[in-house]
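**Q** Okay, here's the structure, questions in a sec.
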Amino acid sequence: MTREQRKLDHIRHALTTADTSGNGFRDMQFIHQCFPEINVEQTNVETMIGPIKSAAPIMINAMTGGGGQRTKEINGAIAELAANLGVPAACGSQMAAVKDSSQQDTFSVMRERSPYGILFANIGAEAAVDEAAAAVNMIQANALQIHINPIQELVMPEGDRHFNGLLEKIAAVKKELEIPLIVKEVGFGMSMESAKLAVEAGADIIDTGGHGGTNFSAVENSRRQNELSMFDSWGIPTAVSLIETKQSVDVPVIASGGIRTADDILKSLSCGAAACGMAGAVLKNLQEKGLEKTAQEMNDMIEYIRLGMTALGKKRVKDLTGSPVIISGSTGLWLKERGISTSVFARRTSAL
Ligand SMILES: Cc1cc2nc3c(=O)[nH]c(=O)nc-3n(C[C@H](O)[C@H](O)[C@H](O)COP(=O)(O)O)c2cc1C
C-alpha cells in the first residue's frame, strides 16, 4: 500500500471509528456559583499557548496532507477555517512531502489560504534535523509539532518497529529550531513520565493527544486483515492525561483527544490547559456539513465557552483554574492511585 493511499484510508476510517468510551471529562463537575457577578460581554476568550496568541482556546489539530488532491482540499479548508476564527491549525505529518516533493502543495496550500494565520508544521519523532527544517519551511510554520505514535505504528502491519533513540532525535531537532516545539501524542495520551521526558528533550509545549476521540488502534484495525484488538482500549483518557502532564511539567499544555463540546473545553481550561485541540470532530463536520456550517458551529462553541465562563464568574481563560471542580468516577480513581489529590481541585477557592 502506498503512503498516499494510507492517508486517504485514515480519513475514511477515522470518521467511522471515533471512540465513545469517554475522554474523562464526564467524571468532572463544576460547582455552580449563583452569584457570578459578571456580564457575558466582560468575558475574554483569548489565550496564550506559550508565546502563541490565539483568539479562542481552540486549535485545529494535525490531520492530513500527502495524499493528493483530496488531502490538499481538506488542508486548505482547515487553514481557512482556523484563520477566520483566529486560532492555530496544524497540518498532518509532512514526511510524505519531505520524501516526495510532488506532495508539497497538499501542505503549502495551508499558507496560501492563511497568509497571516498561525500554522503548525508536523513530523514524526524519527525525523532528522534537516527533515524537520524542511517541514517548517514548507508552510512557514509558527511552531513545529513532533508526534509520538508507538501504538499506531505497532497496530499498523507496515508500521515502524523501532522506537529507540527518539528522545535524542527530538533534542537534536530542538537544538536547531527557532520556533516553539510541541510534542504530541495522537490519541493514547501523555503520562507524567512521558511528559517529563518530552520536556527534558526540549518540548516547549505538550499536546496530550489523549484517549477518548480518534482511536488509531481502531483505525488501523479497520485496515488490517487479522484484527489486533488488544490496543483498542489502550491509552490515557484526555482529562487524566492533562492533569498528569500539568502535575509533572511546567510548560503550556494543549488538551486534545475527543474534545467535542464547550463543556470539554471549559473543564480542560479549569484543569490548566492553555487551549484545546480538535481533530476528528472538525474533519467529520467539514466532510458532512462544509466549511461555512463548520465555521458557524465553531463560532457557536466559542460563544458557549463565554456563557460557561460567565456562569463561573471568570473573565479570562486563565482565571478558570480557580474554579472548584469535583472529579469522580474512574478519572478520580486513576488520579488518586497516581498520587494526585482530587480534593485540591474540589476545594480550591473560586475568587470571583
Ligand atoms: C484522519 C486523521 C489523521 C491524523 N494524522 C495525524 C498526523 O499526521 N500527525 C499527527 O500528529 N496527528 C495526526 N492525527 C491525530 C490528531 O492530531 C489528534 O491528535 C487525534 O486525532 C486526537 O484528537 P481527536 O480525538 O480530536 O481527533 C490524525 C487524526 C486524524 C483524525
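Cβ coordinates are placed from backbone N, Cα and C, and glycine is handled just like the others.
Automatic, uncurated: that is what TrEMBL annotation is.
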**Q** Of Asn39, Asn122, Asn164, which one shares the FMN site with Ala62, Met63, Thr64, Ser93, Lys184, Thr214, Gly258, Ile259, Arg260, Ala279, Gly280 in TrEMBL?
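**A** Answer per TrEMBL: Asn122.
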**Q** Among Ala62, Glu153, Thr214, which binding-site residues lie by ligand 1, judged by Cβ under 6 Å to any atom?
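**A** Those binding-site residues that pass the cut-off, since their Cβ is under 6 Å from ligand 1, are Ala62, Thr214.
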**Q** Taking each of the binding-site residues Arg6, Lys7 in turn and counting other Cβ atoms within 10 Å of its Cβ, which one has the fewest?
**A** Arg6
**Q** Among the binding-site residues Ala62, Ile259, point out the residue whose Cβ has the most other Cβ atoms within 10 Å, with all shown protein chains included in the count.
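**A** Of the binding-site residues Ala62, Ile259, the highest Cβ count within 10 Å belongs to Ile259.
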**Q** Quick one: pull the CA-CA distance for Arg6 (substrate binding site) versus Asn122 (FMN binding site), whole Å only.
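**A** Just about 17 Å between their Cα atoms.
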